[in-house]
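Peer 1: Take a look at this one; I'll ask things after.
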Amino acid sequence: MYLKEGCSLLLKVQKPLIPFVLNTNLNVNHLLTESPNHAEIKELDVVKRLRQESCVPLALHFFKSIANSNLFKHTPLTFEVMIRKLAMDGQVDSVQYLLQQMKLQGFHCSEDLFISVISVYRQVGLAERAVEMFYRIKEFGCDPSVKIYNHVLDTLLGENRIQMIYMVYRDMKRDGFEPNVFTYNVLLKALCKNNKVDGAKKLLVEMSNKGCCPDAVSYTTVISSMCEVGLVKEGRELAERFEPVVSVYNALINGLCKEHDYKGAFELMREMVEKGISPNVISYSTLINVLCNSGQIELAFSFLTQMLKRGCHPNIYTLSSLVKGCFLRGTTFDALDLWNQMIRGFGLQPNVVAYNTLVQGFCSHGNIVKAVSVFSHMEEIGCSPNIRTYGSLINGFAKRGSLDGAVYIWNKMLTSGCCPNVVVYTNMVEALCRHSKFKEAESLIEIMSKENCAPSVPTFNAFIKGLCDAGRLDWAEKVFRQMEQQHRCPPNIVTYNELLDGLAKANRIEEAYGLTREIFMRGVEWSSSTYNTLLHGSCNAGLPGIALQLVGKMMVDGKSPDEITMNMIILAYCKQGKAERAAQMLDLVSCGRRKWRPDVISYTNVIWGLCRSNCREDGVILLERMISAGIVPSIATWSVLINCFILDDIVRAHDQFTI
């Protein structure tokens, strides 16, 4: 969907088909051996010319020309060289054609050449064609071997064709071929890729029983998979059965980090060093990445220092993690300075992942100009932006409120041939909703389904939020019903919260509480936002008693109140005329050990409640306490007190006049 101010519909452009052989009239006489007697052209000369020619179409033209000249008859070797060249270029049909020519001329295909043919099918993602070719192997005068079977299995693994892997493996055993460690490793990867960890562990035992000793790849594959599904402890037990290697340690460190067991990961790193196993760049980068993600940037830099002391140079992923950590800490300047130092100091070549870290970082800090500058630089140096690059920029423009910018990046993305995914579609829906272009947003969601990119719950949440914020509640409720009925997308608590917020803001509090019954019937767990939204709505609707009942339910449900909840409780007490109780709540929060403290809203609400209860002196005392606590009064705070004193003076004047 190309977008402009009117948001026109998507125009999909099919890529032109390129013929596999270029039919040219190029003069390739200079490639022929300049011999006075062309009949003396030798196999060695032809092979040399074919290998030296970097242009595949020219090499193929030479191959055909020399055959048509009757000066040379191609041999198995010249066929093999040409087929390998075409295979490396991914020209499947040309490879197939020359194989057929070899067969017609009675030449046998060697094992290595057949493996090259299988490899070209893998390269272009045609695993089934590779299997079909394999089962015709004898037509080309080549016998199956363990090596060929292994390459077929590996090709199938590349496309995760697990059923076909089992079928080919069964035929391999039927034909009397004993699997080797490479065969088993392919099978282990297939099992682990499909979360069949128990099967992989059994296969390890089978390997040993058959005298095929598992290698580092075997154990690393299984232990990595175990860590992925949370079986880190079991993975460590398995690792203790054999000589440890760095790749296994890396898998375990990664598993411990995913479980947030950083202490265990550090201890494992120490154990590696004690056993004489040097941590590599993956070991350090894994730890640095999790430390940066958790905001422990200083500790991450200490690991970088340790890494450099041990002579282990960082790679581009180490750099990306550290730059991301700087952005998360809010130090944009440090992030850019670190980037420049490491690029120059270590000669690192940034890739799209590294550039995306910069783009995302700048966008998250609202510096869209810098983000676009990085994007332009990527295009200039030939580093193609990917879907994450475009998604970050669209989201950055959307958050900044620039629909034109988001549309510009959207159209650049489509022009480049990069198809949007559900996240980018959702970002664009959000951008359109921010500018009240709800028809266009609805149209985009319809297009998603047609493009086989089903809208997700967050997509509908963005649309519903936009509608609710604009007061289009009836439309929002219609979308809410459609998302499940038409798109089979059940709402989550965020969806309900957006609707509750819309209803509460429209003072339709009864409908909001009616919606909570549906939430209960569906068994959807309430979040803190659910309670806070209803608390706010109840207070604004003049129902402080119901708001306080909600707090009781919140406690029973085991939800911890946050600063928003406490401010709502204080407001509810004040609206009930219980300002003293609200002040006690303020004292309780101030003395507690919670992570948060009363803010300007908390104090202002209590001051308002005290003034409302004719306790203006207490309000002034609370103001002084607020200032001494380092909290700056807002305009609302001063307005409450000024209005209180003005009203009191008016009342006094009225009383004196009446007397």
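Cβ coordinates are placed from backbone N, Cα and C, and glycine is handled just like the others.
Small disclaimer: the values here were computed from a predicted structure and weren't measured.
Under the heading repeat 'PPR 1', Swiss-Prot lists 75-109. Taken from Swiss-Prot, the feature repeat 'PPR 2' covers 110-144. Annotation source Swiss-Prot lists repeat 'PPR 4' at 180-214. The repeat 'PPR 6' annotation in Swiss-Prot covers 245-279. Residues annotated as repeat 'PPR 7' in Swiss-Prot: 280-314. The repeat 'PPR 8' feature in Swiss-Prot is assigned to 315-350. What Swiss-Prot lists as repeat 'PPR 9' is 351-385. Sequence annotations record features per position, and here Swiss-Prot assigns repeat 'PPR 10' to 386-420. According to Swiss-Prot, the repeat 'PPR 11' annotation covers 421-455. Annotation comment: Swiss-Prot describes 527-561 as repeat 'PPR 14'. According to Swiss-Prot, the repeat 'PPR 15' annotation covers 562-598. The annotation repeat 'PPR 16' is assigned in Swiss-Prot to 599-633.
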Peer 1: Can you work out which residues elsewhere in the same chain, 6+ from the ends of the repeat 'PPR 6' (245-279), have a Cβ less than 8 Å from its Cβ atoms?
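Peer 2: Long-range Cβ neighbours of the repeat 'PPR 6' (245-279): 216-217, 219-220, 223-224, 226-228, 230, 232, 235-236, 239, 286-287, 289-291, 294, 307, 310, 312.
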Peer 1: Quick test of the contact rule: Cβ under 8 Å, at least six residues beyond the ends. What residues does that give for the repeat 'PPR 7' (280-314)?
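Peer 2: Sequence-remote neighbours of the repeat 'PPR 7' (280-314) are 246, 249-250, 253-254, 257, 260, 262, 265-266, 269, 272, 321-322, 324-326, 328-329, 342, 346, 348.
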Peer 1: Could you count the residues of the repeat 'PPR 9' (351-385) that DSSP puts in helix, in strand and in coil?
Peer 2: 27 helix, 0 strand, 8 coil
